[in-house]
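Structure incoming, see below.
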Amino acid sequence: RERHSILGSEGANGKTELKPIIYFQTWRVGLLFFALGNCLNFLSFGYAAQSLLAALGSVQFVSNIAFSYFVLNKMVTVKVMVATAFIVLGNIFLVAFGNHQSPVYTPEQLAEKYSNITFLLYCLILVLVVTLHQYLYRRGELLLTVPGHDLKSYWHMLLPFSYAVVSGAVGSYSVLFAKSLSNLLRLSMSSGYKLHSWFMYSMLLLFLSTAGFWMARLNEGLSLFDAILIVPMFQIAWTFFSICTGFVYFQEFQVFDALRTTMFILGMISVFVGISLLASDESKGGEDKDSSLVSVTSSSMSTDVDRVVMPSEDSEIKDVRSLGRAMLLKFANVVLKAK
């Protein structure tokens, strides 16, 4: 957008106006592929176990990191190769020892599962987990607003972790509702079931709500924290809660014996270790960080108190690229305040 900015047109603050992102052909094509991929992902939930498909979602993390290294023209380190091996090995374990069944349920059977006492107890536990981590996040946010307060080091990891847990716990329900809808679609194709029912519309509304919440939190998290730090946390939290939800609701654990349970857990651990290794490697070797976690978080939080970007930021502007990043950061701050 900086390269294609309209030359000679000055904005109200004397800054060059940037063309809206919708005018770029690359963005439109990318959005089309993104929508197509998610439609196929939605349909896939009707043909495989939720725990298996949620765990396989970690493959996208490998492709994202590989593409990032290709774009940035960086050498692939040994740690990246080891992390990739952990993720691939973990997915092999998950596919080999995971639940391979995908029965088709009627709307009555699905509704009965939602009222199951075990599932309701799991929902209660998840509400407590979300409440606790939301409280921790708000607590850390308030500490950041106290002038002169020396924030303890563990808050630098606890803040994004709490944010990711809340997002992943609620967002994992979008997978459950998506699988329910995909199951109904599969049922209609095989037995002529009519999709016009209160249950189908309820699942659609819940899916749109939870998926919208997940996408909104993901985008907001990227603006609040370092992407190299928050994206792996999002991935791990979403995968973990999606697997647990599928286990409890569809009772996918019933086909597991001691061996399959052990191997599936080892596969999950291998995937999470690989994701963590990728995150730590990138966070140490990144060259394009705009500011520390505390400064980004404190300047981007949407509160009633007006804040400005730290004065030291102006002294760090050494070239046109850093100036552009500083402008974008200030613009994102204004947008978040407006929200």
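Every residue, even glycine, has its Cβ placed from backbone N, Cα and C.
Note: TrEMBL annotation is automatic and uncurated.
The structure displayed is predicted, hence computed values, not measured ones.
Grabbed the feature section from TrEMBL, which reads as follows:
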type	residues	note
TRANSMEM	21-43	transmembrane segment
TRANSMEM	78-97	transmembrane segment
TRANSMEM	117-137	transmembrane segment
TRANSMEM	158-178	transmembrane segment
TRANSMEM	198-216	transmembrane segment
TRANSMEM	228-250	transmembrane segment
TRANSMEM	262-279	transmembrane segment
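For each feature listed, report its degree of burial, its nearest neighbours and the pertinent distances within the displayed model.
Distant neighbours of the transmembrane segment (78-97): 52, 55-56, 58-59, 61-62, 65-66, 69, 259-260, 263-264, 266-278, 280-281; these residues of the same chain sit at least 6 beyond its ends, with a Cβ under 8 Å from one of its Cβ atoms.
Sequence-distant contacts of the transmembrane segment (158-178) (same chain, at least 6 residues past either end, Cβ-Cβ under 8 Å): 42, 45, 50, 53-54, 126, 129-130, 133-134, 136-137, 140-141, 203-204, 206-207, 210-211, 213-214, 217-218, 221, 224-225, 229-230, 233-234, 236-242, 244-246, 249, 293, 297.
Remote same-chain partners of the transmembrane segment (198-216), defined as residues 6 or more beyond its termini with a Cβ less than 8 Å from a stretch Cβ, comprise 107, 110-111, 167, 170-171, 173-174, 177-178, 180-181, 184, 238.
Same-chain neighbours of the transmembrane segment (262-279): 55, 58, 61, 65, 79-80, 82-94, 96-98, 228-229, 231-233, 235-236, 239-240, 243, 256, counting only residues six or more beyond its ends whose CB sits under 8 Å from a CB of the stretch.
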